[in-house]
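Marked as domain 'RCC1-like' by TrEMBL: 174-475. Look at TrEMBL and you will find 187-239, 240-296, 297-349, 353-406, 407-458, 459-533, 534-569 tagged as repeat 'RCC1'.
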Amino acid sequence: MDFRFHSYPFLSSLGTAEPLAVPMDATTSETAPIQFHTIPDQSVSSIVTNPASTFPLSKHHCFGESCPGEFPLAANPSIVLHVLTACNLDPKDLAKLEATCSFFRQPANFAPDYELSISELAALDMCRKRAIFKPMTTEQQQGLKQRCGGSWKLALRFLLAGEACCRREKFLAIAGPGHSIAVTSKGAVYSFGSNSSGQLGHGTTEEESRPPRLIRSLQGIRIIQAAAGSGRTMLISDAGRVYAFGKDSFGEAEYGVQGAQGAQVVTTPKLVESLKDIFVVQAAIGNFFTAVLSREGRVYTFSWGSESRLGHQTEPNDLEPRPLTGALENAPVVQIAAGYCYLLALACHPNGMSVYSVGCGLGGKLGHGSRTDEKHPRLIEQFQILNLQPVVVAAGAWHAAIVGRDGRVCTWGWGRYGCLGHGNEECESSPKVVEALSNVKAVHVATGDYTTFVVSDDGDVYSFGCGESASLGHNNGVAFAAAAADGEQGNRHPHILSPELVTSLKQINERVVQISLTNSIYWNAHTFALTESGKLYAFGAGDKGQLGVELMANQTERGNPERVDIDLN
């Protein structure tokens, strides 16, 4: 573990000019005592100065027998708790402290629970810093703890996992089918693109190409999450409320892209009354159905008609959420992703992360080694065989992908146009590691209609799959000009069968943290790249104004990333 101790004023009040040492329990660890001073933040390696020769480890432990200048842990547990909390240790590190030193696993005799250990109290304190945990009642907090496995360390891991894979409390951008949504770090929402069903939320259904516009009716409401479907938008506030506008249906088929005749539309954000008793943290819009995720990690779905395709019998216009039962009933879910008639759920178990799938199995996109449908959530077992812990999941129209904790990327489903990245167009009915990315540590993945993007830990972006609409970012001007000169018809942009670095994004000299691309089989695709500083870049199809940038006369797409004039940070 790499502890980084900060400069704490309270250390100087201990009345000693000697370095303060915090030795681990000598009976359970051979680690030398760590000395730290009241100095600016720096690594432990630059602080330790021959600790072994100064204080022989065999003579001292956490509970006393200290020499001048040593800092017995048991004498100042409140300071230890403050340091653990301030350092924002990973739950796994807190568990390691318990395993290696008895001081960290015995009752600390602190409120609110005198039986909790120091490491459990530190985990609870860090849980209280999380935005979705703060509004919970004591009873709700305890319920979350039990649902996560009965430990505050496990509850903290659940909360952190959800924040990491869904960008909660951070700026984000959504490249929807024909329209786009951008959310700033302060929770303001901009929309642009197609407005045939009022999905931009500005009070009209007029189609007008204009720059991104602020949705003013949301003034006073802080939005932290968004989802965009065909002709429909859903927004989630920091209070867990869901606002929807556009097509007034949770289960309409996507092919009604221009809005069915006579269908009701809502042109300004409207509170979803049926969800007012559920604190929602994420929404996902699939074809024929919609899913939402509660802060406790429960999944609810709307619609999908007959035959109990999601484990319940509903009508297409059903507005009541139904809990997704079966294997996920008691599993805390941190992320959901919806594709064409199927749903993926990333669950956080005490023994690790796992992925479940339910719905249509065409092309093998459910990941169970077959192409059969699943009416109830089923665990994808292949990750255990691969010894891989999923941390991010993405559901494209016909294929899916995950990123593992070790940075590996797995894809499966329909492999058309090379969207799986395995160098061919074959289908894979079980998750398969993308070997071409073996030298890349991935942190984020996004999928669309036969397209895939991967973001590495250093901000590089790789893409592969269908090259139509220039949505992959590999703008080949020479090939395009040659094809036009020869009078060739068809796709002007080549398909990419294996991951390729998106050099056009490399040239912006900004670290990319998120990619969003159109996940629809009926709309031309466009792509957003969001940088660490809050800059938004767009490329791909822009015929409806969905890029948020001005196009030249007769131009319908952009091959290279162009900055959208919104400061999301």
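Cβ atoms here come from the backbone N, Cα and C positions, even for glycine.
Heads up, TrEMBL stuff is auto-annotated, nobody curated it.
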DSSP helix/strand/coil residue counts for the repeat 'RCC1' (534-569): 0 helix, 14 strand, 22 coil
Per-state residue totals over the repeat 'RCC1' (187-239) - DSSP helix, strand, coil: 3 helix, 20 strand, 30 coil
Confidence summary for the repeat 'RCC1' (353-406), mean pLDDT rounded: 96
Helix, strand and coil counts within the repeat 'RCC1' (353-406) (DSSP): 7 helix, 25 strand, 22 coil
Secondary structure content of the repeat 'RCC1' (407-458), with strand meaning DSSP E or B: 6 helix, 23 strand, 23 coil
